[in-house]
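**Q** Would you mind keeping the following structure in view while I ask a few things?
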Amino acid sequence: MSLDKQIPIIYDFGENYEKNKDIWRRQCIYQILTDRFALDDHCTTAPSTGRMYLGGTWRGIIQKLDYIQSLGCTAVWISPIVKNIEGVTGYGEAYHGYWAEDLTQLNPHFGTKQDLTELVDQLHKRNMLCMIDIVVNHMAHAGDSPIDYSKYAPFNSPSHYHPKRFLHNYDDTWDCEIAWLGDEVVSLMDIRTEDQEVHNFFQNWIRDLIQTYHFDGLRIDTAKHVQKEFYPPFIAAANVFAFGEVYHGDPKFIAKYLEYIPSAANYPLYYQIENTFFPPKQSMNIFYQKAILEARATSMDTTILGNFTENHDVPRFLNRSTDYSLLCNTLTLLLFTDGIPIIFQGQEQMYAGGHDPENRDALWTSNYNQQNPIFQFLKKLIKLRQFLVDNVSGFTTELSNMLFVNEHVYVFRRPGVIIVVSNAGSNSDVDTSAEFSITERESLEFIDVLSGSQFSSLPTEDSSTISMNLEFSFPRVLVHRGLFHSMNELA
C-alpha cells in the first residue's frame, strides 16, 4: 500500500475533544498582544510603536474587557505568558513573548500569577473564553556569542536541542522540524521534541498550566516546525481545544497536520482573500475554487479552522488597500465563511501598519473608540453571527452553499443567512448585479442587516429567485424578516 493511500491513524485528543470543538465553533476570537493592548494606568498617550516593551499588562486587559465585550467577541487569545530573554537585541526586546528562556516562570513584564488568574476569572464571569499562545518548538538566544545553556529552564543542556543549523528550505518538512529558526541576531534553538524526556515535561507542563489558570484553549506557535507525532498526547494532556500555526497556503499541506492537531490557522483562506481583495488580483470565481472547493477536497473540517484577515505576522489590510468597500467585504467574509473568525487587535480601529513591528502598534492611541465606523460595522456583524450561533440549528456545523459566483460577486448561504460579497471596489463601474435561486418556493421577505434594504424572492416552478445590485460594491447580509425581528427583540 502506498503511503498516500494508507488509512490515517485516529488519535485521541482528550476526553472532551468533541465537546471542545463544538464550544469553539461558536466563538468569535479577539487576538491580543499583551504588551500592546492596554496599560495599567489607562494612559492613551504613551509610546505605541517599535520593538521594545511598551507596558501592556494582563491587568490592563482586565480593565478593557468591557471594550472587547462591547465589540461582541466571545473569546480572547493572549500572547505567550512565559519568561522571555531580557535585554535589547538587534531585533529589539521580547515584548511579543515568542523568545522563551524559562518555561517555568511567568513574564514579569505582563504581571503576576494573581493578575493572570484574575484575567481568566473575569473572562469566565462574562461567559467568555481564554486561549493562550504557547511555543513548544524553541527557546531563544540573542547574538552570536556562545550559548549559556544553564540559564534555560527546563532545557538547560545542549542535548535538549538539535545541532545549530539555520533553516533555509521552508518546504522541506524534515528540515523544518530539526533546523533552527531565526539567525545570528536572535537564534531560536530548536528543541528535541521527539525525545521522551521532552515529551514528558511538556505533557506535565501543559496539564499543570491548564489546571492552574483554567485556560480554555491553546494556540500553538510554529506548529509545522515540530514533529507531528508530538501533538496528540500533548493535546490530550491539555484536554482543551487547540489550533496550530501551520504557515502554509496549500490546504493539502494543512490537512496533513489536522490528523495530529484539532485545528489550524486558515492560511490557505488568508492567501486567497489577500489575492482577491488586497487589492484584487484574481476573480471571485477563482476565489471560490481555491479557497472553498480545494479546501473541501481535502480531509479538513473547515468549520473548526481559525479564519483571519490580519494578525501579528502579516501587514494590515489598510496598508495595502484603502478601499473601504473592499475592507467591509473582507470582514463580512471573515465573519460568515465556514470556520471560527479571529479579529486582531486594532483591526476594529482601522489600523494600517505594514510588516512587523508596524502591524503591532499599541491600541491605546485609538482611545478605544467604539464609534469608529469599522468597530460599529464589526459589532453589527458579530451580533448577527452570535444570534445565528445561538438560535439557528446547524449554523456552526453545516458548510456554506454557493448560490452565485462570477468575476466580481460571490453569494453563499449558511443556515439563517445569505451573504453577498464583491471585490469590485467602491470606485469601480463594473457590473455587480446578482440573481440567484433559493430552495424555498414561496415568496419570502429578506432584510439586509447592513443597510436595512428589503428584498423579496420571486417564486418559480421549483424555487424562488432574488435579484439585486451592490451599491458601491458594498456587501449585503440577508436574513429572513421574521428572524431579523426576532434578533432585534432579543437585543
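Including glycine, each Cβ sits where the backbone N, Cα and C put it.
Take a look at what Swiss-Prot says about it:
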type	residues	note
BINDING	Trp99, His138, Arg219, Lys224, His225, Gly249, His312, Arg360	substrate binding site
BINDING	Asn137, Glu177, Asp190, His225	Ca(2+) 1 binding site
BINDING	Asp221, Glu245	Ca(2+) 2 binding site
ACT_SITE	Asp221	active site, nucleophile
ACT_SITE	Glu245	active site, proton donor
SITE	Asp313	site 'Transition state stabilizer'
**Q** Going by a 10 angstroms cut-off between Cβ atoms, which of the binding-site residues His138, Arg219, Lys224, His312, Arg360 has the sparsest surroundings?
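**A** Sparsest of the binding-site residues His138, Arg219, Lys224, His312, Arg360 by Cβ contacts within 10 Å: His312.
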**Q** So the record assigns Trp99, His138, Arg219, Lys224, His225, Gly249, His312, Arg360 to substrate. If I measure every Cα pair among those residues, what is the longest distance in angstrom, as a whole number?
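**A** With Trp99, His138, Arg219, Lys224, His225, Gly249, His312, Arg360 as the binding residues for substrate, the largest Cα distance is 25 Å.
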**Q** Fewest neighbouring Cβ atoms within 10 Å: which of the binding-site residues Trp99, Asn137, His225, Glu245, Gly249?
**A** Gly249
**Q** Measuring CA to CA, name the entry from the binding-site residues Asn137, His138, Asp190, Gly249, Arg360 that ends up nearest Asp221 (Ca(2+) 2 binding site).
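**A** Smallest Cα separation from Asp221 (Ca(2+) 2 binding site) among Asn137, His138, Asp190, Gly249, Arg360: Asn137.
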**Q** Determine, using Cα-Cα distances only, which of these binding-site residues is closest to Gly249 (substrate binding site): Asn137, Glu177, Asp190.
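**A** Checking each of Asn137, Glu177, Asp190 against Gly249 (substrate binding site), the shortest Cα distance is to Glu177.
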**Q** Which of the recorded positions listed here (Lys224, His225, Glu245, His312, Asp313) have a Cα atom within 10 Å of the Cα of Asn137 (Ca(2+) 1 binding site)?
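**A** Those close enough are Lys224, His225.
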**Q** Please report the Cα separation of Glu177 (Ca(2+) 1 binding site) and Glu245 (Ca(2+) 2 binding site) in Å, rounded to an integer.
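**A** Here the two Cα atoms are 14 Å apart.
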**Q** Below 8 Å Cβ to Cβ and six or more residues apart, same chain only. Which residues does that give for Asp190 (Ca(2+) 1 binding site)?
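**A** Listed in sequence order: Asn137, His138, Tyr161, His162, Ile178, Ala179, Trp180, Leu181, His225.
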**Q** Other residues near the Ca(2+) 1 site, CB within 8 A of the CB centroid of Asn137, Glu177, Asp190, His225?
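**A** Apart from the listed residues, the neighbours are His138, His162, Cys176, Ile178, Ala179, Leu181, Ile191, Thr193, Thr222, Val226.
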**Q** Within 10 Å of Asp313 (site 'Transition state stabilizer') (Cα to Cα), which of the binding-site residues Trp99, Arg219, Lys224, Glu245, Arg360 do you find?
**A** Arg360
